[in-house]
Each structure stands twice: as C-alpha cells, then as structure tokens.
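Encoded as structure tokens, the structure appears first; notes follow it.
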Amino acid sequence: MSSGWADERGGEGDGRIYVGNLPSDVREKDLEDLFYKYGRIREIELKNRHGLVPFAFVRFEDPRDAEDAIYGRNGYDYGQCRLRVEFPRTYGGRGGWPRGARNGPPTRRSDFRVLVSGLPPSGSWQDLKDHMREAGDVCYADVQKDGMGMVEYLRKEDMEYALRKLDDTKFRSHEGETSYIRVYPERSTSYGYSRSRSGSRGRDSPYQSRGSPHYFSPFRPY
C-alpha cells in the first residue's frame, strides 16, 4: 500500500535511512543528536506536515553507517514515541507498489493466516505487522491498495488470538491515519470484499498481493 510520500523514498545503497514515528515537536538538531554517533551525516530531510506524524530521511556519507544506525535506533524509545528506522524501500511499477523488502528471502511461511480489511490508505506492511504482532510472532505480512492485508503467524494459537482479540480494533498508520479493521480467516469472504469485475472464481482467498511479500525472521528483532 503506497503512502503520500512513497515517491520520495529511494534505495538502500546511497546511505539514506527513513526515520518514522517521530514526536510532533522534533527538530533537525534532535535528529542529528540521535544519529551523529553512527557516522558523518550528509543531509537531514525532516518532513513535518500539519496533522500528520513527522518523519525524516537521514543520509550518511558511508552506507555502512546507515546500517549501523538502523540496527541501533530501530525500535528506540524516544520520548513517548518508539522510532521506526529502516532503509527506504524502492517503489516502482504502476500503482507504486514496493519492490524488494530488505529482509531478504523467505525465512518461513505458515498456514496460520488471517486476512485484514479496512486498512487506511497510508497503512503499510510494517504498520500491519506492528499492529498484528500483539497477538504473537508474525512471520509474513503484506498489504494491497484496496485496504486489504494478509498476516501469517508462527503458531496456531497466535492466529486464533488475533481472530478473537484484534478484530474490530483501532489501527493507526505511521502517518497518523486511523481506522477500525476487521480480521478474519483466509477462506472467509466476509466483511464485503467484492469479487473482481472479471467475475473470476475458484480462488481460495479474496486476497491477491500485487507487491513483493515481506518476511520476518523470528530470530531477529524488529
């Protein structure tokens, strides 16, 4: 699912990182203080748009310093906010779908799968993973542009907990958009998902991803 700033994001070889979930009063100097110890900073771009959660791009002279910054600051508690720090993913193709998650090849897939509907326009796979891992370890997450998402859990009991406890819960994207989402089993077509205009049948799931899937190793912190 693309966001309002998807066209500003680049690849990971230029030393640039994305910093999200920043406090509303953040300044460029604050970002410099957060990241200077990882290496020489070439540029800081702070995006503080009215009514949205601020985010920024920080560019290091050495791409290896960018990797260190991600390792050291992703998930870091900064004031009342937990930072999200990652490489900007390259967007391309019609519709702006992401290509090439940094997490590498599939580490594990699971049959313990749920579908999610009602995601806000700026909701990303990372937002979905963060929300749904309240039920347990997520090994796969993906989204598409019509507000649908798919999540796979490592354990059946976590999937069952998500179906019971995360259905009709308030979801918040990295840009501050909120909505109440529905969570249901993959083979269900509940909650108004409409079939394509072609009238095609025979699919086990109403979900069809148009972008690269995103895998998560249960042995790495996110």
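Each residue, glycine too, has its Cβ placed from N, Cα and C.
Predicted, not measured: the structure shown is a model, and the values here were computed from it.
Given the ranges 98-110, 189-201, the record in Swiss-Prot names 189-201 as region 'Interaction with SAFB1'.
Around the Cβ of Lys37 (SUMO2 cross-link), the number of neighbouring Cβ atoms within 10 Å comes to 10.
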